[in-house]
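Trainee: Got a structure for you, questions after.
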Amino acid sequence: MAADGGDEQIRGEAYIWGPEWSRSPVVMLGHLGSHYVWSILNSRAAPFLMRLGFSKSTTAIVLMGGPLSGLLVQPVIGILSDECPRKWGRRRPYMLGGAILCLAALVCLAIASNAARTTGNGVSWLAMLLGVLGIIGIDVSVNTLSAAHRALALDILRVDEQDLGNAWAARFGNLGSVLGYLVGELDLSSSLDLDHLSILALSAAVLLVLTHLTVFLLIDEQVLVRAHDHTPKSLGRAIRDMVRHLYRTGQSLPPPIWDLFKIQFFSWLAWFPILYFSSSWVADIYFAAHGTPPTSSGPMSEAARRKGSFALLCYSLTSFAASIALPWCLHGVMPGRSRHDYAPAATTVWSADDPPDEELHAPKPHEVRVARAPQWTRHFRKPTLAEAWFCSQVMFVVGLLFFTCPIYAHHSVPGAVALIGTLGLCWSMTLWAPYALLGILLNTTSTTAPESVALNPLAPAEAPEAEAASAPEPEPAGLLRAHAGAVMGLHNWIFMMPSLVWDESTVAAFDSTGLLFRVGSLCTLVAAMRTFHWLGAYDRRQTREDSVYLAKLAEQAERYEEMVENMKRVASSNQELTVEERNLLSVAYKNVIGARRASWRIVSSIEQKEESKGNESQVNMIKVYREKIESELAQICEDILKVLDTHLIPSAASGESKVFYHKMKGDYHRYLAEFATGDKRKDSADKSLESYKAASDVAVTELPPTHPIRLGLALNFSVFYYEILNSPDRACHLAKQAFDDAIAELDTLSEESYKDSTLIMQLLRDNLTLWTSDMQDTEKPAEGAAAAPQAEGAAPAAPAAEAKGEEAA
């Protein structure tokens, strides 16, 4: 792949079939199958090879395939998948290849294991060959699947989904390990004419197919498009380009990612001894407690092995439980952290085209105090993901450094099991935090906004066409995120290298496993110190209060795109907004959409004039420019509609909020209908009508006729009937009824509400006057000339009512 993306582009739109809540579980489901396979290999590979007749040294050489394949396979698969031009995506072809190879390896393993059982001591060379091929095949295939899974998650999940997505990866991974250990302890061979390992291998094959088939069917990827003159490379050149690509990718990584890699290196220096020797350490303590040498065999050896396996089961269960509970206990990783006690108040921002929301007409003081918790409670907050990772590292160091000696000295088997089980909590954070932080850093480094492109749809540095949801333009392939496979390969290199260190050095230290653990804990101490430094430099936490403050600041600076970005964070918290927050959100989107609507009207009017003059070349240029504005309008509308449907409407509790959000939804569907044509226009109009009716049903029962939001709803609903549905009779009837109902109760209003309500009532009356005049004109022979809407696809001038500004935001 060209580094600058000059001849390669990523096209299309990644999509996950299903509801919003299922995005992360669907993307990460493949980890369940691959970790189940991996748990079987880890717990059964060494005894299986010994049963086939291999010596200890040969067994160690075969088992070295795991770390070596991790070092070689994942970077290679990452780079190859970055450059994969298949029509069905970049990552899934390698997932398919990895799954097929894994199935073949599991079948080889099952055949070899069953042959070893039936032939007794005289195992044939074919069975031995199949057994070795099966283990090596599983090593290579699982690493292939892991590389494809991680890169796919970086490609598809947004930056705000990376932490939860990787939490699901940890959950599925831990669940796969738990299932592997549990099924491994069941006596299944008595009921089937197969040996135990063969049954485990076949069950792993079934689970692998089910989990990966789901991923294949429910995910659509973006596609890499190459230039037509692309020529295949020779093998030598391909290898050189691969190494060069890894080197350049490493050079392009920003400091936060490199510092994260350093933390991972020292952390995994401590984890590999735990993964390799924790069960044998528990078994050694069991032998010592019963005064039996570790080299003894028979029932005592089997009991010691079961204690070690039980410790690993506790370890896996703790890790699985932690992966479920911890995401609920942590604050999301978000950019920016500030502390402000005062913030400017939301101002009334409106133009002649679009007055603001009704509540914004109320007078507000120049400065308002931001609501804050008492001083003593500010110290109690949820930790960020990186802070929790740091705490787990400290917990790891304390547990191994201070408890391994007393446990071994007192020959406490329950203490050893408890310590290994407790380390499962640290393991859960190790599987989750680094990957989530890396995904967030990759997304925030490769885009101009800290979240997805939709958060900043109007940044002048970005091409508006790239933000249109209906027709996304190519993303440059040279962006760091486009090299997700290569970055994940480098990351895998970093934490697999310690496994080679321990494999060479642990032979001499094997007689003192506790010492090995304590030396490893010192490596984690180094990792914790570097994590603490990373926290101060890069991990920043923006609170809800900070987002509101920054939104107000952006409003004062008239930087409405950034105002949208901050208020979208607040709106996405699944908590009901305050009146001030609700108004800020409406003002932000209204200013962003208002400028584009005004531009569209101007360009459409010019297009209409040039078309009447017969200037075809100018009309074509104007049409392209108009479509560009329409793509921006569509992106903004769909952005706020998604926030409304996903967060605001479901969390609305009061009748006032429900009316406000349903009205807002109707407004933005109406904006889409203003420029859409054909079925899209009809669909937008139907959804707008549905939303306005839903708001009206709630307003009639829960809001008085003089309530500004109810009046604003009637005003905008009537504008919808007049402009979109071309139904002036209904528009006038709705406006008149709302006006008359409010007049009847106007005397009961307080002085504060009187100003807001009468302002909207004035707009209703002005519209009634204008529309009635237009309806009278339609009775003349030139029927419909003034009031009828433009034909679909034409470039209409600004509607008369809206040109006067007689619409509530």
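Using the three backbone atoms N, Cα and C, a Cβ is placed for every residue, glycine included.
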Trainee: In TrEMBL, which of 62-95, 742-775, 776-809 is tagged region 'Disordered'?
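Mentor: My reading of TrEMBL: the region 'Disordered' range is 776-809.
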Trainee: Choose the correct range: of 60-81, 478-499, which one does TrEMBL annotate as transmembrane segment? Give that range.
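Mentor: That would be 60-81, per the transmembrane segment entry in TrEMBL.
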Trainee: Check the transmembrane segment (93-113) against each of 166-184, 196-219, 309-330, 388-409, 415-438 and return whichever range has the most CB pairs under 8 Å.
Mentor: 196-219
Trainee: Go through the chain and flag residues at least 6 beyond the ends of the transmembrane segment (196-219) whose CB is under 8 A from any CB in it; none is fine as an answer.
Mentor: 14-18, 26-27, 29-30, 32-34, 36-37, 40, 44, 48, 89, 92, 95-96, 99, 102-103, 106-107, 109-111, 113-114, 134, 145, 152, 156, 179-180, 183-184, 187-189
Trainee: Most CB pairs under 8 Å with the transmembrane segment (125-145): which of 60-81, 166-184, 309-330, 415-438?
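Mentor: Most contacts with the transmembrane segment (125-145): 60-81.
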Trainee: Please determine whether the transmembrane segment (166-184) and the transmembrane segment (388-409) are in contact (criterion: at least three Cβ-Cβ distances under 8 Å, sequence separation 6 or more).
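Mentor: No, the transmembrane segment (166-184) does not contact the transmembrane segment (388-409).
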Trainee: Where among 60-81, 268-289, 388-409 do we find the most Cβ pairs under 8 Å to the transmembrane segment (415-438)?
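Mentor: Of the candidates 60-81, 268-289, 388-409, 388-409 scores highest.
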